[in-house]
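Per Swiss-Prot, these features apply:
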- Gly171, Pro172, Thr173, Gly174, Cys175, Gly176, Lys177, Ser178: ATP binding site (BINDING)
- 22-31: compositional bias 'Basic residues' (COMPBIAS)
- 56-67: compositional bias 'Polar residues' (COMPBIAS)
- 1-76: region 'Disordered' (REGION)
- 440-448: region 'DNA-binding' (REGION)
Amino acid sequence: METKGRRSAAVLDQQDESEAHPRKRPTRRAPLHRDGNNPDSDAATMEGSDPGSAGRPSSDSLLQEPSQPAKRGGLLDRDAIEHITELWDRLELLQQTLSKMPMADGLKPLKNFSSLQELLSLGGERLLTDLVRENIHVREMMNEVAPLLREDGSCRSLNYHLQPVIGVIYGPTGCGKSQLLRNLLSSQLITPAPETVFFIAPQVDMIPPSELKAWEMQICEGNYAPGPQGTFIPQSGTLRPKFIKMAYDDLTQEHNYDVSDPRNVFARAAAHGPIAIIMDECMENLGGHKGVSKFFHAFPSKLHDKFPKCTGYTVLVVLHNMNPRRDLGGNIANLKIQSKMHIISPRMHPSQLNRFVNTYTKGLPVAISLLLKDIVQHHALRPCYDWVIYNTTPEQEALQWSHLHPRDGLMPMYLNIQSHLYRVLEKIHRVLNDRNRWSRAYRARKIK
């Protein structure tokens, strides 16, 4: 009994001592929370102060770093300045070109920074970030079209194996339409190379012998490509393509529409490989009553289905007038609707050229449409036998409008990129307009 009483008294003395000194706690106490994975390990209590914190801090304690100001994301690092500089050069060139056009009077003037240094210093974080993003997008558009171009920047082909190839050539007399037709085949701009070429004329006797010989030589030239060690590689299944001259009346015979008729000359040629039909000087015949529009839409699909070797079908038609009045059978109207390529000489009448540009540039800004008209007018003053080509179904959007030059080749105009750059100029114009409006409002309130 004495032992039990002494123990209870000792416990009471410890409780009184802890109540008298609330800062002092027993060195060992059951923890409030234990580790679920290690329930037997001793954990430090959550109640009271740490007796070790009063002295020297332990070497294992973590020191918090002082708060740093928020970083701005490297806005004007080297890459950002490179993007802005590259975009500024393009914007400045486009704006100078638009301002010097003869038709620039109707365009609204766009405000811009006077120099690159002013843009970098006064542009602001949001505008500069947008410009970096816009230039990245321009680079992406350039990289998308790069695989379709040669090393010198010219196009590898007109159709890039798109079938069928229905093309219309517009040009006045003496602009080089016949030479253009031969060049398209000899330079392999139309792929695949045809194995049989049908030359359609109003009368066979009106074709001069020199032109026939030129056709035979150039289609044979287009059938080969240079290979390694001075060799030549055939581009089709024949060593010598066939050249067949036909009169327009023979073309329109009924048996030439039926692919199952053994008398069909086109079906016999398509059984061996790709074919091409060239209609030169046939505008008056096309404007007659007899319809030949089957050659533009129904006939190609029938040939492709019946003859697997006919991997290419090309029809090129020459017109001296972009809007002929005589079209009794609707052949010319159907031809222009089904056409995949419109090849235009800059020497055409300006009113017809402007009407065509206005029709096929509805989705472009007005300034870019005027720029295209100025380009055509510029080449019309220089008789270089060059051509402007509009592709209704291009392989890439940058190739929709292109320029064919005897020396430079087929060069894309990149009107989609020019339209994008013009919209960037409009964005800068809106930013500067907003700043001027805010400045005027601030001054007006300050005066009041």
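Backbone N, Cα and C define each Cβ position, glycine as well.
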Other residues, Cβ within 8 Å of Gly171, Pro172, Thr173, Gly174, Cys175, Gly176, Lys177, Ser178 Cβ centroid (ATP site): Ser345, Arg347
Cys175 (ATP binding site) CB neighbourhood, other CB atoms within 10 A: 20
Neighbour tally for Gly176 (ATP binding site), based on other Cβ positions within 10 Å of its Cβ: 18
The region 'DNA-binding' (440-448) [mean pLDDT, rounded to integer]: 80
Largest tally of Cβ atoms lying within 10 Å of a Cβ, found at which of the binding-site residues Gly171, Pro172, Gly174: Gly171
Thr173, Ser178 as binding-site residues, winner by CB count within 10 A: Ser178
C-beta crowding around Lys177 (ATP binding site), within 10 angstroms: 22
Residues in the region 'DNA-binding' (440-448) grouped by DSSP into helix, strand and remaining coil: 8 helix, 0 strand, 1 coil
In three-state DSSP terms, the structure that Thr173 (ATP binding site) belongs to: coil
